[in-house]
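Here Swiss-Prot flags 8-15, 21-22, R60, 87-90, K98, 114-115, 183-184 as substrate binding site, drawing on sequence analysis. If you look up Swiss-Prot, you'll see H9 marked as active site, tele-phosphohistidine intermediate, on the strength of sequence analysis. The active site, proton donor/acceptor annotation in Swiss-Prot covers E87 and is backed by sequence analysis. The feature site 'Transition state stabilizer' is assigned by Swiss-Prot to H182.
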Amino acid sequence: MYKLVLIRHGESTWNKENRFTGWVDVDLTEQGNLEAQQAGTLLKDSGYMFDIAYTSVLKRAIRTLWHVQDKMDLMYLPVVHSWRLNERHYGALSGLNKAETAARFGDEQVLVWRRSYDTPPPALEPTDSRTSYDDPRYAKVPREELPLTECLKDTVARVMPIWNESIAPAIKSGRKVLIAAHGNSIRALVKYLDNISDSDIVGLNIPNGVPLVYELDENLKPIKHYYLGDQEAIAKAQAAVAKQGKAG
């Protein structure tokens, strides 16, 4: 049996402000730093150990990983940074307040943009300052692969190459893997691992800063999965994530 641990970054400044973040590189709040530190302590106290970590190229996930490494005394851990683990790109919604957007377009439309599998938000114009074209962290990524918007289906397509080419082989080789990423890149992995339908994925909410453990068989098929920590608090956190896109 193999174990894989996934963790969504702690609360970010734009999580707190209820804004669509996507590829915008905002940092953690004080609460987000604390959530990441608590996750590291929980993993250490629960007896977890890791051989390699994967994260995105966005500082909220990277800093979350740093806190976990620090609390586990694993600062030496090899880390793979990949743009493929970035949050889903929210296109023209990037930076907008979720509740205000819902008040303007309606709860149902915003829920479709946020949570449906194959409907992306309106795309950025290629000349928009929010594009990633001139960002040095994407200098080696072909321009045509840099998104101007994404639905979850697009995010799955972006995430799967690093799973197939690097993460899955690492797990099968016996390495203990930790992934510190984002709500939708984790949803993409969970959809694949659990074979969740396109319609059911709409209801899946990933809380900030809570370790999600997968126990996998020899074919990397899930035996079971569970969150570490206070289950009542985790359920409340998931409900809060679900409520973010509503106007009320």
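Our numbering is plain: 1 for the first residue shown, then up by one each step along the chain.
Note that Cβ sites are derived from N, Cα and C of the backbone, with glycine treated the same way.
Feature annotations (Swiss-Prot) mapped to structure.
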residue : record                                          : contacts (Cβ under 8 Å, 6+ apart)
R8      : substrate binding site                          : A181, H182, G183, I186, I206, P207, N208, G209, V210
H9      : active site, tele-phosphohistidine intermediate : L28, G32, A36, R60, A61, R63, T64, A180, A181, H182, N208, G209
E11     : substrate binding site                          : L28, T29, Q31, G32, E35, N208, G209
W14     : substrate binding site                          : F20, T21, V24, V26, G95
G22     : substrate binding site                          : E87, R88, H89, Y90, G91, L93, S94
### Task
Give the three-state DSSP assignment (helix, strand or coil) for H182 (site 'Transition state stabilizer').
coil
### Message
Taking 10 A as the limit, how many CB atoms besides its own sit near the CB of G183 (substrate binding site)?
### Response
20
### For the residue listed as 'active site, proton donor/acceptor', the number of other Cβ atoms found within 10 Å of its own Cβ
25
### Query
Does DSSP give R8 (substrate binding site) helix, strand or coil?
strand
